[in-house]
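Some notes on the structure that comes next.
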Amino acid sequence: QLDPENTGFIGVETFASLVHSHELPLDPAKLDMLVALAQGNDEGQVCYQELVDLISSKRSSSFKRAIANGQRALPRDVLLDETGLGIYKRFVRYVAYEILPCEMDRRWYFYQHRTCPPPVFMAAVTLTQIIVFLCYGARLNKWVLQTYHPEYMKSPLVYHPGHRARAWRFLTYMFMHVGLEQLGFNALLQLMIGVPLEMVHGILRISFLYLAGVLAGSLTVSITDMRAPLVGGSGGVYALCSAHLANVVMNWAGMRCPYKLLRMVLALVCMSSEVGRAVWLRFSPPLPASGPQPSFMAHLAGAIVGISMGLTILRSYEESLQDQCGWWVLLLSYGTFLLFAVFWNIFAYDLLGAQIPPAP
């Protein structure tokens with residue numbers, strides 16, 4: 001009756017009167033989104049399919065196009081003005097404003113967020129790193145600069161150029177740390193940045209980004225610093241941090257996180273100082289070179305992965321990566337780098353006659 005020509009559209013006023021007259025129990029937030037979508041099309045009408053998608057908690061392609069085109073007019077106040085929220089909902093709102101640059105995206109994430117599945121990946125990685133550190137600390141009775149204990153380097157988790165054939169070491173080195181300072185820095189950033197990113201973008205995307213940074217870090221060290229053993233998860237941490245910071249810079253006007261400029265400066269100072277410390281320890285170690293020196297190349301490799309691949313992941317909230325040409329280009333580039341690194345580790349050490357330290 002309301003759509004005699006079967007177009008799939010009705011006017012906003014007609015729809016509003018229908019909702020009012022029948023007292024339909026619709027979520028006010030979803031009604032806001034529906035009206036915003038109606039304001040985004042040429043006719044200013046409500047689409048039946050968009051209504052069905054919203055009620056079933058599904059974002060249609062037209063919804064994504066409306067967001068991409070900047071047509072996000074919301075008749076109500078922003079999400080930040082909502083009152084009476086519980087502790088967890090306030091945390092979810094904080095995450096929304098910390099990670100997402102668009103009010104429509106923030107509103108959608110806030111109302112569609114579910115506690116299951118929880119952000120378990122970053123928490124599990126951090127907990128494992130802490131447990132491994134405590135185990136070696138108790139076993140060796142050494143809590144600072146553990147790598148300078150001879151028994152520490154015998155761990156099957158540490159990456160050492162003499163054990164390149166043991167491929168798992170290119171990833172498992174992320175569970176080992178030089179000492180309490182490196183562990184504390186990485187754990188803090190993983191929880192402060194990694195957990196919110198995982199809550200918004202999901203475990204698959206964030207775990208892939210983190211592990212890609214870790215793997216790129218060890219492979220880059222094996223190519224550019226062929227004598228250096230390696231410990232620490234800095235490659236993955238820098239991939240997450242650089243991706244998040246790049247996303248903030250690219251969407252500076254839309255970000256509503258408090259004190260964003262100050263926080264950006266502090267993050268850059270901390271990351272730069274950590275890289276500077278790694279450079280200093282690598283080329284001018286204060287202790288005898290009986291253990292591995294942190295390699296700054298792992299930090300830089302993680303940052304490059306974050307700025308390139310990570311930025312693409314974070315910019316496409318709730319959008320299929322496989323539909324983007326840029327994603328396939330980055331994935332192909334990363335795969336080419338992995339293939340080159342594999343052949344380098346198989347042949348280059350012998351061809352170049354690299355003098356690597358004896359494997360423990």
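Heads up, the Cβ atoms here are built off N, Cα and C, so glycines get one too.
Annotated features in TrEMBL:
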- 120-139: transmembrane segment (TRANSMEM)
- 166-315: domain 'Peptidase S54 rhomboid' (DOMAIN)
- 170-191: transmembrane segment (TRANSMEM)
- 203-223: transmembrane segment (TRANSMEM)
- Ser234: active site, nucleophile (ACT_SITE)
- 235-254: transmembrane segment (TRANSMEM)
- 261-283: transmembrane segment (TRANSMEM)
- 295-314: transmembrane segment (TRANSMEM)
- His299: active site (ACT_SITE)
- 326-347: transmembrane segment (TRANSMEM)
Candidate ranges 120-139, 170-191, 235-254, 261-283 - greatest C-beta contact count to the transmembrane segment (295-314) (under 8 angstroms): 235-254
Within-chain partners of the transmembrane segment (326-347) [C-beta distance under 8 Å, separation at least 6 from its ends]: 164, 212, 215-216, 219-220, 222-223, 305, 308-309, 312, 316
The residue listed as 'active site, nucleophile' CB neighbourhood, other CB atoms within 10 A: 33
Distant-in-sequence neighbours of the transmembrane segment (120-139), which means Cβ under 8 A and at least six residues beyond its ends: 146, 151-152, 155, 157, 174-177, 180, 183, 186-187, 190-191, 194-195, 198, 203, 206-207, 210, 233, 236
Composition by DSSP (helix, strand, coil) of residues within the domain 'Peptidase S54 rhomboid' (166-315): 112 helix, 1 strand, 37 coil
